[in-house]
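Here the structure comes first, spelled out in structure tokens, and everything after it is commentary.
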């Protein structure tokens, strides 16, 4: 039995079949005295035909279907809330088997449909501007529960003959704090027999867990990599992101340079603009100095208002000035397009709102 299979079987008595990679399914079939080629058939039913019952897998023997039913669950998510924005963004609040809720967002772009997935129930990182960390971390998601989010959104898109064209792992939780499950998820959605989403159409983001950045670099995946930076120096970053006290900014930059050297890929830096905190011209100049010589791109993010937090949005004129200052210093930068502004679009907001209503 492989290490990964042990990892999954420790999670629950009935692991999600979506948590298994193709080679793991082949190994399981061998253990059951079944032909390994059946794995591709099972994956076709799961990811192309998107059935939610083993009984629907009509080209498998009844005996094999019974074995599958006895050992695996097909993870299903219950839609608790579905909010649709005027710009087409859809935010889902899904309920898991144990009653916990998670958020998933469908964002519509000119180039296709992007899904933002959650990797944890809650978050332990404690960023002082984020609604996701309110209430702390409850548990990690299994790879199958992350896969199920993409499939649930894809099922909604099937009604209009559309498909999920890209995935971003920027929802609730710190992906690198759930590293093994996140990695399995990446491999499943990228695989030809899985959801077949190209590596260049997948983005994973981290707040800066340095040891995992090195580990991720060594995987040498051609997946887009983003780092939540949000500050040009240690003092401001420690105020915004307590993780900076454990993983210092200079060491984080060293890890990022290792990633670039190892993969040949550029890094995206997420930089949320908070009024009067990190959005002045001198902050932009300091940020340009920090990133000098690094193969990177900066996404400036006009932050969504979170009622439980004290930060305010940077005025639009100041955002443009910040962008202009970076460009003048040779930094590749764009302002992220705002989506879902008329719904509970900030990460963790919908879940937090639902929890508040439950406690009234």
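Any Cβ shown, glycine's included, is placed from N, Cα and C.
Pulled from Swiss-Prot:
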type	residues	note
ACT_SITE	103	active site, proton acceptor
ACT_SITE	347	active site, S-methylcysteine intermediate
BINDING	123, 127, 130	[4Fe-4S] cluster binding site
BINDING	173, 174, 205, 228, 229, 230, 304	S-adenosyl-L-methionine binding site
DISULFID	116-347	disulfide bond
DOMAIN	109-342	domain 'Radical SAM core'
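The shortest Cα-Cα distance between residue 205 (S-adenosyl-L-methionine binding site) and any of the recorded positions 103, 116, 123, 130 is the one to 116. Looking at residue 127 ([4Fe-4S] cluster binding site) and residue 174 (S-adenosyl-L-methionine binding site), their Cα atoms lie 11 Å from each other. Inclusion criterion for the recorded positions 103, 173, 174: a C-alpha placed within 10 angstroms of the C-alpha of residue 116 (disulfide bond); this criterion is met by 103.
Close to residue 229 (S-adenosyl-L-methionine binding site) in the fold, though at least 6 residues off in sequence, lie 237, 269, 270, 271, each with a CB less than 8 Å from its CB.
Between the recorded positions 103, 173, 304, 173 has the most other Cβ atoms inside 10 Å of its own Cβ, all protein chains included. Fewest other C-beta atoms within 10 angstroms, among the binding-site residues 205, 228, are seen around 205. Checking the binding-site residues (173, 174, 230) against residue 123 ([4Fe-4S] cluster binding site) with a 10 Å Cα-Cα cut-off leaves 173, 174. For residue 304 (S-adenosyl-L-methionine binding site) paired with residue 103 (active site, proton acceptor), the C-alpha to C-alpha distance reads 16 Å.
Of the recorded residues, residue 228 (S-adenosyl-L-methionine binding site) and residue 103 (active site, proton acceptor) place their C-alpha atoms 19 Å from one another. Annotation note: residue 205 (S-adenosyl-L-methionine binding site) sits in a strand segment as assigned by DSSP. Residue 116 (disulfide bond) carries a strand DSSP state (E or B).
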